[in-house]
Each structure stands twice: as structure tokens, then as C-alpha cells.
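All remarks here apply to the structure that follows.
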Amino acid sequence: MPSIKAPATKQAATLTVAVKCRPLTKKEQQKGRDIVQVKDDKEVTLLDPDLSKDYLDRVQNRTKERKYSFDYAFGPDCTNLDVYKTSISSKISGVVQGLNAAIFAYGSTGSGKTYTMVGTEGDSGLMVLSLHTIFDLIKSDTSSDDFEVTCSYLEVYNEVIYDLLEKSSGHLELREDPQEGIVVAGLRCIKVHSADKILELLNLGNSRRKMESTDANATSSRSHAVLEITVRRKQRNQYRNHIVCGKLALVDLAGSERASETNCRGQKLRDGANINRSLLALANCINALGKQRKKGLAYVPYRNSKLTRILKDGLSGNSQTIMIATISPANNQYHHTVNTLKYADRAKEIKTHIQTNIGTVDIHVADYQKMIDSLQIEVFRLKKELAEKESKLSVKPNEKAIDDQLSWLDVLSRETNESVQERINLQKALFELEEINLRNRIELQHLDDKITNEQAIGKDGTILQALRERRQVILDNIRDNDEAGASYQKEIEANEKHFCQLQDMIEKAISNNSNKTYLHILNQYRLLEMANTELQFEMAIRDQVIHNQREMQRNLWNLIMGLGIDERQIMKLAFEQGITIEDWTVTPLWGLSSMK
Ligand SMILES: Nc1ncnc2c1ncn2[C@@H]1O[C@H](COP(=O)(O)OP(=O)(O)OP(=O)(O)O)[C@@H](O)[C@H]1O
């Protein structure tokens, strides 16, 4: 099917990475020493915390000293305003012009993330400073445009999303909207008229964040907080009247340390595990995005956590992204600091593309349909069995006993549900991967054809060279994606195994009950219905997206052909505009070839 892509990499920007080192706290001053040096506003040297190393160790390079270079580096004397003015303020003006920006603070617990993002009365944080800039820019705007500023504030805690602008928020779900991408269903979005108003909301929201006291920080934020500010600009003049929308996401991540290192138990340990699951997913995305700098299609596993799904646009899409890596200068924090610096170093490789993209058509509808069909047949069979069993029960089950059994079943069902959800996510990820690789293979075929043609003409060596280089990039991506696919396949298998174990537990739990068959079927039936509902929902969304895109393409091609432009002219025009016309020679559904 022919498809039109947005102009390729019109404006590509690397993710900006800044490192901020906080001062030693009073306690640290008494016990430890400073091992971080910042040079030339860019270089960070982390000294070996072990002073006892002898001369030989040092000359033989057995030192743990590390040196890194970043876009910006700020020492302990720098204020939040210094960070803001140098590395951020210029990106904020784009938000009022309709561009997106994302700023996230990453670092271990107690390294100064919340201090940097939220700040104090005397040293306002980046959230506050950005808001002031937005309102100042709106105030000084001389056009006749109307502005509307709205904001939302959420936290992701233990892989559950909560609304920080609601007094007692319930669990919120992520939805994939065909038009807007990932949205948080039911999240409160408030209209604001001044920076002060948002600050009030921010303070209120912060007081609702999940805090804990860890060994490393007495008021440690255990959740990831995302403040999103949307600026809608209604342009009004005699020729047009349309809305430009810019978004700024400010993210205060939870501490990046391992749970075991903060001396946590029970619920705290669970927090730690989930925080790290999100951050691990973020690290995997950062790795994959780093690989994409070759501009090929490598798969990025955004689906693996709520956080990465929410941050998807900020990392890869239409966004200017700034990562502030916060570090402590204390010698006992060496391992955390080196981890943060390594993470930040990898993040430098990410490219974000400041442009709008038209989504791609998903080709796996048939696969989903097959899964839904088989699940529905199974649900139908179990429903029937359940009805039969109920009618056959000579003695109605003892209600109290059944209640107990059902509540235990609920616990196991919930866990099984999570396992099913995870498998669905993995399956979806695998579908996406396959789709990307399909497109890669189509491009590879085109490249091979072009290379053969060029070789036959035997003229321009530079074109041939460029084609071969591109071919290698595509081959690398296909290999990487295949590897990622194989690992997903393994995860799916492990998940299936876990699912079976849970089922065994359920079997055991009800094996002594006289109505065990009844309970068993009830349980199976519930689980299958859950999986079925999810799949149907996905299917509906995909159908809608595909329908809209097909409609749009049909209209577009009709329009182009109606203008009497021939194929060659279209290709030439597209080339001049930087538009890629994909694979129309392969499956010419409404393509030029079929319309000729
Ligand atoms: N630049 C700074 N100047 C002075 N004090 C700072 C600075 N940065 C951080 N601190 C202090 O260090 C301590 C820890 O900071 P903060 O709570 O911001 O850490 P965090 O990285 O958000 O930790 P967690 O992940 O546990 O929430 C606080 O007492 C804070 O006031």
C-alpha cells in the first residue's frame, strides 16, 4: 500500500544532556569527602573513592577514576537558575510556537532531582522557571493570537498512574488514541492563567506524592512525577484560523538506585522493584534510541513500562528533550554516581526529530482477529460448561465456603490477569517489531534493485557507495530487530510457563473443594473474558486507525490524479519536498500503478 511519510529528519536534534552535581550535605561534610570535579562547564571527573591506592595501581591504570563530557555540566555552586538559563530557557520558547519539549531529572536517591525540578523558595526549580518563561512569552507576544494554557500532573507509583491534581485519585489507565497517541484516560487537565496558579497546584500535587524515608534520603520520592503543560495558540488573521499546540513535559523520576541498596523491606522493596522496572525500561529505550542514530528503523521497547509509554513522545517524537542527570559529590556515593554518568553518557546518542509524523498502518489485524476468534470459541465453550455444571449441582454450594474460595481465586486471578496483560503487551511488541522489519526488508529489496541498476550503468561511484552504506544500516537493523524479537519470544514463553504455574496453584487451591469443577470453570471463564476484552479493544482501535488512513490516502491519491499530474512529476515533487513515497510498487492497492 502506498504511504506518505513526513519529510525525513527536517530538523534532527540530539537529546541534550546536562549533569548537575549538588553540594555535600552537612552530614556528608563531616563523614566523607568530595570526589566530583567539574571543568569547563562540560567535563565531569569522578575521582577514585579509594585513597589508599598506591602509586603502582595508579600508573597501571587500576584506578577507578572516570572522565565524561556532556553538553553541560554544573558544579555544586550553580543554582537552578544557572542550569535553566544555560541549558533550558531557549527550548521553552519553542513550546509557545507549537513545538514539544521534555525535561527529565534522572539520578539516584538523594542526588537532587526534586530539588532541581521543584526547587525551594530561594532557588526556584526548573518547573517553576519554565512556567514563568511561558507566561512571560505569552505576555510579550505582539500578535493577535489567543493563548490557552492547561496543565496536568500525574505520578507513576508501582506501575499505577495517579492524578496528583485530584484529592484522592483512583488508578488511571493508558489508552492509545489514534489521533493523539498515548493518553491517560480521565486525567484532570486544568486551565491556568498565571504561573502562580500553576505553582499552587504544583505544591498541592507534590504534597500528594508517595514519599518514604530511605537510608539515602529522609524524604525520598518513590514515584515518577510528570507535569505536562500544554500551550494552545489560536492564530487569527484574515487568511486562516487554526490552532498550534505545544507541550512541555517536566519529569521528576524516582531514585535510580537498586532496592537492595536503600535497605528497603516489604512495600518499600516492592516500590524499589517497580521503580527500577520503569527505569530499566527507560534505559532499554535509551539504548535502542542510541542505536537509531544511524537513522535506520530499530525497535524501541516503549511498551515495557507505564513510564516509557508516557515519555514516548518526549524521547523519540516531536520533541526537544533535555535530561538532567543529578549526582552527589560524596565518596560513599561513587557507585551511584558512576552509574548515573554512564546512563547519561549513553543518552547522548539519542536523536529526537522535531517534526510531525503520520502514523503507519498496522498490518497485523488478521493475527489479532485469529486470537480473538479462538478466545471467543473458548469462552463460549466454558460458559456452556459452567451453565451445565450449575444446573447439575444437586446441593447448592455452601455460600460461605464459596465466598472464601472466590476471594482466594480473586487473588490468583488478579495475578494471572497481570500475567495475561504482560503477554498481550509482549505479543503486541513482537507484532510491532515484525512490522518494522517487514518495512526494513522492503527497503532492502529496493536498495538491492537500485544497486543492481547503478552497477549496470556503471557511472557514479558515490551514489553506489551511499546505497551500499544504507544497505548495511538496514541489514544491521534487521539483525538487531530479529535478536530483540527472539528475546521477546523467550519472554513470552517464560510468561506462558508462569501462567501455567499460576493455573496449577489455582487447581491445587480448589482441589479439596467439592465444587472444584465449578470453581475451576468459573475461573477459566473469567480469565479468558479478560483477555478477550483487551484484544477486542485493541482491534477496534486498529480498525479505526486503518480506516482513517485508508480514507485519507484514497482522497489524497484521487486529488493528485485529478490534477492530471503524472507519476514522474509526483515522484519529482515528493523528492523536492523531502517526502518518501513508500513501497507503492510492492502492493499497489490504490497506488499510482493501479490507478494508471
Ligand atoms: N543544589 C542543591 N543545593 C543544596 N541542597 C541540595 C541541592 N540539591 C539537593 N540538595 C539537598 O539534598 C537532599 C536530597 O535532594 P532531593 O530530595 O532533591 O533528592 P532526590 O534526588 O529527589 O531524591 P529521591 O529520589 O530520594 O526523591 C535534600 O535535602 C536537598 O535539599
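Even glycines carry a Cβ here, placed using N, Cα and C.
Listed ranges 141-168, 365-392, 533-560; the one TrEMBL annotates as coiled coil is 365-392. Counting every protein chain shown, 24 other Cβ atoms lie within 10 Å of the Cβ of Ser108 (ATP binding site). The binding-site residues near ligand 1, defined by a Cβ under 6 Å from one of its atoms, are Gly110, Lys113, chosen from Ser108, Gly110, Lys113. Candidate binding-site residues: Gly107, Gly110, Gly112. Fewest other C-beta atoms within 10 angstroms, Gly112. Thr114 (ATP binding site) is surrounded by 25 other CB atoms, counting those within 10 A of its CB over all protein chains shown. Averaged across the coiled coil (365-392), pLDDT for the predicted model comes to 68.
Most Cβ neighbours within 10 Å, among the binding-site residues Thr109, Ser111: Ser111 holds that distinction in the structure as shown. Secondary structure from DSSP puts Thr114 (ATP binding site) in a helix.
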